[in-house]
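J.: Pulled the feature table from TrEMBL, pasting it below:
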type: DOMAIN; residues: C:113-408; note: domain 'NADH:quinone oxidoreductase/Mrp antiporter transmembrane'
type: TRANSMEM; residues: C:62-80; note: transmembrane segment
type: TRANSMEM; residues: C:92-109; note: transmembrane segment
type: TRANSMEM; residues: C:115-133; note: transmembrane segment
type: TRANSMEM; residues: C:145-167; note: transmembrane segment
type: TRANSMEM; residues: C:187-206; note: transmembrane segment
type: TRANSMEM; residues: C:227-252; note: transmembrane segment
type: TRANSMEM; residues: C:258-280; note: transmembrane segment
type: TRANSMEM; residues: C:287-308; note: transmembrane segment
type: TRANSMEM; residues: C:314-335; note: transmembrane segment
type: TRANSMEM; residues: C:361-384; note: transmembrane segment
type: TRANSMEM; residues: C:396-416; note: transmembrane segment
type: TRANSMEM; residues: C:437-459; note: transmembrane segment
Amino acid sequence: MLSDFGIILLFILAAFAFISLVLFGASFLRPDRPNVEKMSTYESGEEPVGNANVQFNIRFYVVALIFVLFDVELVFLFPWATVFGQKTLINETKGLWGWFSLAEMSIFVLTLALGLAYAWVKGYLSWVKPQQKIPTVDTKVPQSLYDQVNKKYQPKAKASQPASGTV
Amino acid sequence: MLTLSLILLPVVAATLLLLIKSPAVKTLALGAALVELALAAYAFATFKADAQMQFEFDYPWIAGAGIRFSGGIDGISVLLVLLTGLLTPLITLSAFGREYDRPSTFYSLILYMQAALMGVFTARDAFLFYLFFEAALIPVYFLAAMWGGEKRIAVTFKFFIYTIFGSLFMLVALVYLYYQTGVPGKPGVHSSAIVDFYNLNLTPAAQGWVFWAFFIAFAIKMPVFPFHTWQPDTYVESPTPATMLLSGIMLKMGVYGLIRFLLPIVPAGLETWGLLATTLSVTGIVYGSIIAIRQRDMKRLIAYSSFAHVGLMAAGVFSQTANGLQGALIQMLAHGINVVGLFFVAEIIFGRTNSRFLDQLGGITRTTPKLTVYFMILLLGSVALPLTNGFVGEFLLLNGVFAYNNWLGAVAGLTIILGAVYMLRMFQKSMFGPTSARTETFDDLSGAESWVLLPLAVMVFWIGIYPNSFLKVTEPAVLNLLQYVVK
Amino acid sequence: MLPIILLSVFGIVLLFMGFLKSKVLLLPATLVFILAALATTFMDWGKTYLYFQNMLLTNNLAILFTTIVLLSAFMVVALSNSFIEDEQAQPAEYYALLLFSLVGAIMMISFENLIMLFVGVEILSVAMYVLAGSDKHSPRSNEAALKYFLMGAFATGIMLFGIALLYGATGTFVVSGIKSYVYTNAYGVSLLLYMGIILLLIGMLFKVSAAPFHFWTPDVYDGTPGLFTAFMSTVVKTAGFAALFRVLSVSFVGVYSFWWGTLAALTCLTLLIGNVTAVYQTSFKRMMAYSSISHAGYLLIGLTALGTQTKQALVFYSLAYSLATISAFGVLLVVSRQRQDTNGVNENFDAFNGLARQNPLLGFVMAVSMLSLAGIPLTAGFWGKFMIFTTAADKGIYWILVFAVLMSTVGIYYYFRVIIAMYFREGAAEPVKVAPFYRYVLIAATILTLVLGLAPGLLEGLV
């Protein structure tokens with residue numbers, strides 16, 4: 001009575017309906033009393049430190065991309081494995097089927113291994129710790145003068161603040 | 001073979017000239033043009049006065065599509081082949097007076113132009129005609145834009161685009177006609193030979209469209225009022241050899257196209273629109289003449305006179321009479337000779353006095369008997385005095401236009417009066433009267449200049465006194481063409 | 001099929017050749033590889049083969065398109081000697097990506113299964129995305145790559161959706177299978193098929209930069225390094241039109257009356273936008289981008305008026321267009337680099353001022369390619385346009401013809417601006433230095449353009 005496409009449409013509509021029901025229902029039912037601590041950023045229970053706009057470390061992307069490639073290769077290995085060892089096919093072709101499919105799959109794996117070798121030699125697989133650049137200021141004023149000023153204006157009865165300029 | 005060599009000889013000569021850097025370039029160019037003249041004269045002399053295509057060549061080009069590389073000379077094109085062959089060495093010789101820089105490029109462009117013009121007049125295949133028609137634009141564009149006057153870049157660009165715009169319509173019409181030809185029983189086989197287009201039976205509506213497509217293309221080329229706005233500026237800004245090529249030979253491509261394509265292929269369209277076309281042409285005559293009377297610049301005056309004369313040629317073609325067509329053909333030859341001579345005289349005057357403006361000239365005749373005589377001969381030829389070539393052409397043309405429509409014929413007849421006015425005014429202001437500061441010392445013609453003007457003057461009288469030597473050659477082909485034109 | 005395998009293997013070889021200390025071998029090696037692929041393409045001449053369980057089909061037409069694509073790639077690689085001197089370039093990777101994109105192009109040309117079309121489009125496009133952004137230090141190049149990638153991925157998604165709908169309607173991915181479906185169901189073609197055709201067309205028209213899917217073209221062509229722009233505007237277009245021709249002339253010719261109207265409207269829009277906007281450009285490279293949009297319009301005329309002449313017209317036009325574009329970009333590359341202005345590389349029209357006087361050869365090469373692109377007789381481009389016009393006349397669609405002719409006139413205007421700048425204006429005094437091999441490639445392309453312009457019958461019996 002309903003075509004296959006119709007069933008999928010119904011499914012999508014139902015998903016929309018369900019999600020919107022849950023979310024809107026929840027937002028109606030729950031109390032809304034915000035305060036400063038509730039609205040601050042979550043950082044695993046600690047006080048949030050530093051800027052949230054940290055530059056994305058590109059090495060994550062490279063590793064993830066190479067992972068995806070080999071994961072997909074793995075996915076292709078599974079169906080191949082189901083036909084590779086079928087006794088009926090091997091018997092019919094007197095063992096030739098086994099060699100043939102093995103050769104095909106090894107070409108595939110080899111090509112990807114060549115790619116891996118290329119990435120390795122090019123150095124995309126090595127994880128280099130990011131060198132933090134400590135910003136230095138080039139002035140002729142000696143550090144001792146700064147220390148004097150700091151000591152003079154040290155706020156009383158507070159734990160020592162970290163000196164400016166270092167992280 | 002003869003026709004093919006008429007086309008290829010200038011190409012080969014021009015390519016060789018491009019590679020030579022020595023000052024002998026000028027004499028080599030003149031030599032090549034003279035050899036071409038010999039070939040053209042030979043073709044004219046041995047031409048049999050019948051309606052057949054002679055000196056043909058035919059090679060496959062895009063064989064599968066029925067497009068062939070074929071050409072030949074028949075009664076309609078023989079005079080134009082002669083004109084091209086005659087004028088090119090004279091134009092080359094006339095350029096010797098002025099030192100143009102990069103001479104090898106300059107003279108090779110003139111020869112390339114000659115090859116393209118020969119190709120236009122001898123093509124028997126429609127697309128070959130179109131190829132040469134367009135290819136003729138390229139050398140003259142570079143000639144005008146590289147050695148021209150101050151405003152040359154914009155003016156020549158406008159000329160180029162305006163002309164190509166018109167001929168693209170002709171391309172659409174040719175493609176349409178090509179697809180109308182066919183061999184019964186063999187679908188998909190077409191032919192682009194021009195004679196095959198003559199035998200098509202097109203509906204009157206289709207003929208109307210094709211008429212306008214052709215008319216726009218040729219009207220821009222000739223030019224015919226109101227498509228003429230490119231012409232005066234381009235003629236004035238171009239260097240004189242380019243102007244001679246443009247007005248002497250290239251505008252004849254438009255009239256030739258009218259005769260070769262428009263008349264036989266769309267006779268019904270001609271019946272519908274012919275009156276309008278003739279009216280436009282005749283309007284151009286009067287319009288051009290009146291403007292020419294007011295001109296101060298000699299070159300511009302001759303340009304407008306050329307515009308006026310070509311209007312009469314177009315009107316004669318549209319008259320669909322034998323007299324009109326014969327008149328158009330002989331007037332093409334005559335006008336080419338006259339206008340080239342007149343432009344050369346203007347160039348001589350400019351070269352000596354550095355001015356073309358009539359109010360700065362005067363009294364040149366005092367020291368230049370030879371120049372006066374030649375100038376007068378060419379001028380009277382242009383004015384169409386009896387015994388000159390212009391008279392033969394204009395008489396036949398006016399005869400034809402009058403037979404077509406009395407009123408238009410009467411208005412067209414004004415060309416004689418108006419032509420006399422501006423031409424004689426030009427002559428009087430430049431040659432007679434008191435000398436001005438610029439014309440105090442004016443040397444008479446040099447040897448090379450005389451050698452250019454003498455053949456022109458001879459031709460003026462030859463055509464004027466014994467035109468039958470030319471008319472009898474063209475008559476059979478004209479009568480043969482007229483059979484395709486419905487009365 | 002053999003060129004696909006060869007080019008893939010050679011691509012990998014080139015990647016590893018990049019580890020050698022000297023980079024001198026890379027360019028000759030790439031040229032040799034492309035020639036080898038070209039040689040093996042002709043092994044299948046005269047026969048029609050199906051490869052890989054009816055996934056790929058090679059016939060004479062596919063071989064001709066493959067030849068054009070390989071020839072364009074050969075010329076582009078031959079003009080790339082500047083990479084060897086540049087310190088920051090990585091030529092091995094560029095050449096490898098070029099060869100991989102050729103694989104994609106060949107798959108687009110000789111597909112029999114729509115999945116192969118998709119795979120080919122993706123291979124070609126992803127390689128081009130990377131090459132578009134290959135100038136890492138130029139923000140224009142980064143912008144070009146990002147725009148190309150985002151819009152290209154979107155368009156490929158639409159195309160895939162169309163393929164899925166086609167499968168839903170016909171039950172098969174195979175091109176000939178769809179054709180038999182259309183013929184057997186002549187009166188009851190499913191709505192899904194129509195929607196699939198539209199979406200597939202949208203995806204493909206994006207790739208060949210037809211309006212109104214052309215908005216990426218100017219920025220991408222302008223930002224990409226000049227050499228890869230030349231490759232993009234010739235190879236991608238040729239492959240795209242070969243694919244469009246195959247899918248329209250085999251599968252969908254039965255429903256021609258459905259799609260020809262839409263395609264005709266898009267053709268006119270493309271011609272209009274491409275030509276009119278190009279008039280206003282001051283940068284030569286951007287003008288070439290808009291002109292490539294207009295050339296896509298001319299090629300679309302051939303598809304709109306699908307008939308017996310279309311094959312020949314598309315092949316000839318692609319060849320003429322590729323030759324002219326690559327030689328024009330070749331001249332642009334040397335001129336823009338050696339006549340820099342305050343902003344660095346100068347790609348405007350005034351960089352060409354006075355070029356013909358200093359370098360007559362470069363001036364002549366550029367003039368011939370501009371004349372060929374404008375469609376002036378005596379060049380191959382005229383015959384290409386002529387053949388396209390005859391396809392329209394064959395079908396009797398004269399209004400498209402007249403419109404195309406009007407747009408041609410507009411085109412002449414901007415193509416001639418370069419010629420005017422080169423021949424009639426005064427420019428810098430020193431001539432531009434051109435390497436000898438570079439010169440030979442430009443001369444060969446120009447000679448081929450002129451020869452084909454005078455004797456187009458040479459290619460006649462081949463299609």
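The backbone N, Cα and C atoms fix where each Cβ goes, glycine too.
Whatever TrEMBL says is automated annotation, not expert-curated.
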J.: Taking 3+ C-beta pairs under 8 angstroms (sequence gap of 6 or more) as contact, is the transmembrane segment (C:287-308) in contact with the transmembrane segment (C:437-459)?
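T.: Checked: the transmembrane segment (C:287-308) vs the transmembrane segment (C:437-459), no contact.
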J.: Can you work out whether the transmembrane segment (C:258-280) touches the transmembrane segment (C:115-133), with the criterion being 3+ CB pairs under 8 Å where the paired residues are 6 or more apart along the chain?
T.: no
J.: Residues of the same chain, at least six outside the transmembrane segment (C:396-416), with any C-beta under 8 angstroms of its C-beta?
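T.: For the transmembrane segment (C:396-416), the nonlocal Cβ contacts are 264, 267-268, 271-272, 274-276, 278-279, 281, 287, 291, 294, 297-298, 301, 304-305, 370-371, 373-376, 385, 388-389.
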J.: Could you check if the transmembrane segment (C:92-109) is in contact with the transmembrane segment (C:62-80), meaning 3+ Cβ pairs under 8 Å among residue pairs at least 6 apart in sequence?
T.: yes
J.: For the transmembrane segment (C:437-459), could you work out the same-chain residues 6 or more beyond its ends whose Cβ comes under 8 Å from its Cβ atoms?
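T.: Sequence-distant neighbours of the transmembrane segment (C:437-459): 75, 78-79, 81, 312, 315-316, 319-320, 323-324, 326-327, 330-331, 334, 361-362, 364-365, 368-369, 372, 377-383.
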J.: Counting only residues 6 or more past its boundaries, what in the same chain has a CB within less than 8 Å of a CB in the transmembrane segment (C:314-335)?
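T.: Non-local partners: 61, 64-65, 68, 71-72, 75-76, 79, 82, 226-227, 229-230, 233-235, 237-238, 241-242, 245, 284-285, 288, 292, 295, 298-299, 302-303, 347, 351-352, 355, 362, 365-366, 368-370, 372-373, 379-381, 383-385, 387-388, 432-434, 438, 441-442, 445-446, 448-449, 452, 456, 459, 463.
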